[in-house]
Amino acid sequence: MNPANHSQVAGFVLLGLSQVWELRFVFFTVFSAVYFMTVVGNLLIVVIVTSDPHLHTTMYFLLGNLSFLDFCYSSITAPRMLVDLLSGNPTISFGGCLTQLFFFHFIGGIKIFLLTVMAYDRYIAISQPLHYTLIMNQTVCALLMAASWVGGFIHSIVQIALTIQLPFCGPDKLDNFYCDVPQLIKLACTDTFVLELLMVSNNGLVTLMCFLVLLGSYTALLVMLRSHSREGRSKALSTCASHIAVVTLIFVPCIYVYTRPFRTFPMDKAVSVLYTIVTPMLNPAIYTLRNKEVIMAMKKLWRRKKDPIGPLEHRPLH
C-alpha cells in the first residue's frame, strides 16, 4: 500500500475487552472496584510515608514514590477504559493516543528503573548495614530518583519519536483498551520491520538490563544471607520477598509483551489487564501485609483520624 495515496486517520477505535454489553457491564463493575482500591491503597501509603517521621528513611521514601507511580500508571489507562466500557463509543484522537502512549511509557520506564534502585538499596542495607546511611544518603537517593525519571523520559521519547513518523491511513481499529506500541505499529500503512526491531531492541534493552541487575542483586543477597543469624535472615528475606513478588508481577508481563515480535496472541489482553490494572492494586498489599512498621503507622493514622484532638487526659480544660 502506498501511503501517499491515502489520507492520515484522525483517530482510532479502541476495540477494548469485549463488544458484548453484558460482559462490558461486568468488566466495568469489577475494574471500577479494582481502580478504587488502587487509588485508595497507593495514596494511603504515600500519606503514611509522608506523615510518619519513623518512616522517613530511604527504603520508605522509595516505596512512597513507587506507590505514587502505581497510582499514576493505573490512572493513565483505567479511567478511560471504564468510560469506554459504559459508552460503547471507544474512540481516541491521534494526538490523544500519542499522549497516552507517552505517559504510559514514561511512568512505566520510571517504575522499571525505580525497582532497580530499590533492589540496590536493599543490597546495600543487608551487605553493608554499618555504612548504609553513609552510602544511601539523601543526596544519593535524590540523584538515583532523578536518574529514574530521566531514564523513563528518554525511554518514552524514543517510543514517540519512532511512532510519530509512521503513516496511519487505515484501518483505524486498535485491538486493545489503550494505545500502545505493539497494537499501534500494526496499523501503519508501510513496512515496519526495521522499526519493530528498533522498538523491540529499545524495550528489551531497558527491561532485560534492569531485570539482570535485579537478578544479580538478589542472587548475591541470597548467598550473603547464609552467614546471617536466623532472626536477621528472616527479616531480610521478608523484605526481599515483597520486592521480588512486585518485580515478578511487573517484569514478567513486560518481557512477554515487549521483547518479542509485535504479533497478536490470545493472552495479550489478559496480560495487559494484569500489569496495567491489577498489579498497581496488589503492590500496596504486598508491601504492607507483613510490614510491621507500615501497619503501626496505619494504626497511628487511624487513631489520629478518630481522635484528632488527642487523648482525653491531654485535652485542655475549659
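Cβ atoms are placed via backbone N, Cα and C, with glycine included.
A quick note: this is a predicted structure, and the numbers were derived from the prediction, not measured.
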Ask   = Same topological domain, and so the same side of the membrane, for ARG122 and ASP268 in Swiss-Prot?
value = no
Surrounding residues of the transmembrane segment (26-49) on its own chain - C-beta under 8 Å, 6+ positions past either end = 17-18, 55-56, 60-61, 63-64, 67-68, 70-71, 74-75, 78-79, 81-82, 85-86, 277-278, 280-281, 283-285, 287-288, 294, 297-298, 301
Ask   = Between the transmembrane segment (101-120) and the transmembrane segment (270-289), are there at least three Cβ pairs closer than 8 Å, leaving out pairs fewer than 6 positions apart?
value = no
Key: Range from 140-158, 196-219, 236-258, 270-289 with most C-beta pairs under 8 A to the transmembrane segment (58-79)   = 270-289
Ask   = Where among 196-219, 236-258, 270-289 do we find the most Cβ pairs under 8 Å to the transmembrane segment (140-158)?
value = 196-219
